[in-house]
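Have a look at the structure below, then the notes.
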Amino acid sequence: MGAYGDAVAAIKATNFRHIALQAISLGMIVTSALIIWKGLMCFTGSESPVVVVLSGSMEPGFRRGDILFLHMGKAPIRAGEIVVFHVEGRDIPIVHRVIKVHENVEKGDFEVLTKGDNNTGDDRLLYAQNQLWLQRQHIMGRAVGFLPYVGWVTIIMTENPYIKYFLIGALGLLVITSKE
């Protein structure tokens with residue numbers, strides 16, 4: 001009958017209670033992941049506490065596929081720190097080093113200029129049109145730690161969506177055909 005026929009037979013043989021238990025288990029896993037993510041957001045003060053480095057612009061410090069852990073405290077950002085920022089009109093956040101800071105002590109605000117370690121010039125060409133500096137609302141967080149190469153899983157699944165669909169299908173089939 002083959003693997004496909006065995007999978008269809010397994011689906012037909014499952015009862016409603018087993019399917020409900022599987023659905024509840026899946027719901028609990030998804031809910032737990034969301035709770036952990038939101039908890040990390042509160043703890044780190046960053047809208048995205050974990051990001052993957054997607055380009056080589058920060059080599060040799062950070063390489064493509066490294067995972068960065070972010071924190072956004074109230075302490076002022078200083079030149080030399082690695083920050084992750086988003087620019088209006090771009091979907092993907094950027095990881096670069098702060099090279100200049102302008103502080104407005106009266107307002108308690110700041111503006112920063114960034115540059116990738118592996119780039120020749122500053123990031124003004126990456127910013128929105130007519131934007132020369134980044135403000136606090138653009139900064140998602142500052143890098144406080146990293147795991148090398150772990151983010152390659154994300155990069156591979158993003159660049160090759162068929163692999164992502166295959167893995168999701170295989171996991172779904174595994175859940176459906178698993179026996180207790």
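For all residues, glycine too, the Cβ spot is worked out from N, Cα and C.
Note that TrEMBL annotation is computational and uncurated.
Listed features, source TrEMBL:
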type: TRANSMEM; residues: 19-37; note: transmembrane segment
type: DOMAIN; residues: 41-128; note: domain 'Peptidase S24/S26A/S26B/S26C'
type: TRANSMEM; residues: 139-156; note: transmembrane segment
type: TRANSMEM; residues: 162-178; note: transmembrane segment
Quick check on the domain 'Peptidase S24/S26A/S26B/S26C' (41-128): DSSP residue counts for helix, strand, coil, in that order please.
7 helix, 30 strand, 51 coil
Within-chain partners of the transmembrane segment (139-156) [C-beta distance under 8 Å, separation at least 6 from its ends]:
44-49, 51-54, 62-72, 77, 81-86, 93, 95, 112, 163
